[in-house]
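Copied from Swiss-Prot, the annotated features are:
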BINDING   Arg79, Arg104, Asp131, Pro132, Met133, Leu134, Ala135, Thr136, Gly137, Gly138, Ser139, Asp200  5-phospho-alpha-D-ribose 1-diphosphate binding site
BINDING   Ile194, Gly199, Asp200, Ala201  uracil binding site
Amino acid sequence: MAKVHVFDHPLIQHKLSYIREESTGTKEFRELVDEVGMLMAYEVTRDLELDDVQIKTPVTEMTAKRLSGKKIAVVPILRAGLGMTEGVLKMIPAARVGHIGLYRDPETLQPVEYFAKMPQDIEERDFIVVDPMLATGGSAIEAINSLKKRGAVKIRFMCLVAAPEGVEALQKAHPDVDIYIAGLDEKLNDHGYIVPGLGDAGDRLFGTK
């Protein structure tokens, strides 16, 4: 079963409180999501493999550690996932970026893929899928389905807030995908919104309604 990592780091929790705050404006909201994305990336990549390399300092030669040849890709779920992407790239600037676009079918209420663009050598990459919210889990599950169909093997999912229902659904659908969460919330309400949540992340990021 996939591991669920809920971050209690003081900086993450401090910034998340302002992200949740209704009065936080678009500019500050965007900056905070970027910052938390960067802080979370530090923890999400904690188990990346390192290789020994020989380097020369101004004083002497030594054996140092560098990331192994495994390639990393960040995949935001459009559109809200874009808000977390730059923060991750600040920590891993060499990472490639894929995109997955999903919309909800008005009749079935199921997510439908309308766009997907991935880096080459997909089988050789570690993927970090990012989306600010994990509510029912439908979008995350479909995005990961899309990656696996294209050959992805190692996938992690990273979000700001999650409902227990979404975590359970994602674990059931993809027990091999670890889940990284800044805030695990109480529940979904009758309309499928995370409670207490942070509102509509996409609208708050881009100043739309």
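Positions of Cβ are set from backbone N, Cα and C atoms, glycine also.
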Checking the binding-site residues Ile194, Gly199, Asp200, Ala201 against Arg79 (5-phospho-alpha-D-ribose 1-diphosphate binding site) with a 10 Å Cα-Cα cut-off, in sequence order, leaves Ala201
Out of Ile194, Gly199, Ala201, which of these binding-site residues is nearest Gly137 (5-phospho-alpha-D-ribose 1-diphosphate binding site) by C-alpha distance? Ile194
When neighbour density is defined as the number of other C-beta atoms within 10 angstroms of a residue's C-beta, which of the binding-site residues Gly137, Gly199 has the lowest density? Gly199
Using a 10 Å radius around its CB, how many other CB atoms surround Asp131 (5-phospho-alpha-D-ribose 1-diphosphate binding site)? 28
C-alpha of Gly199 (uracil binding site) to C-alpha of Asp131 (5-phospho-alpha-D-ribose 1-diphosphate binding site): distance in Å? 14
What same-chain residues, at least 6 away in sequence, bring their CB to under 8 Å of the CB of Met133 (5-phospho-alpha-D-ribose 1-diphosphate binding site)? Ala80, Cys159, Leu160, Val161, Ala162, Ile194, Gly197, Leu198, Ala201
How long is the line from the C-alpha of Asp131 (5-phospho-alpha-D-ribose 1-diphosphate binding site) to the C-alpha of Asp200 (uracil binding site), rounded to the nearest angstrom? 12
Pick out which of the binding-site residues Ala135, Ile194, Ala201 has the most other Cβ atoms within 10 Å of its own Cβ. Ile194
How many neighbouring Cβ atoms, not counting its own, are there within 10 Å of the Cβ of Arg79 (5-phospho-alpha-D-ribose 1-diphosphate binding site)? 17
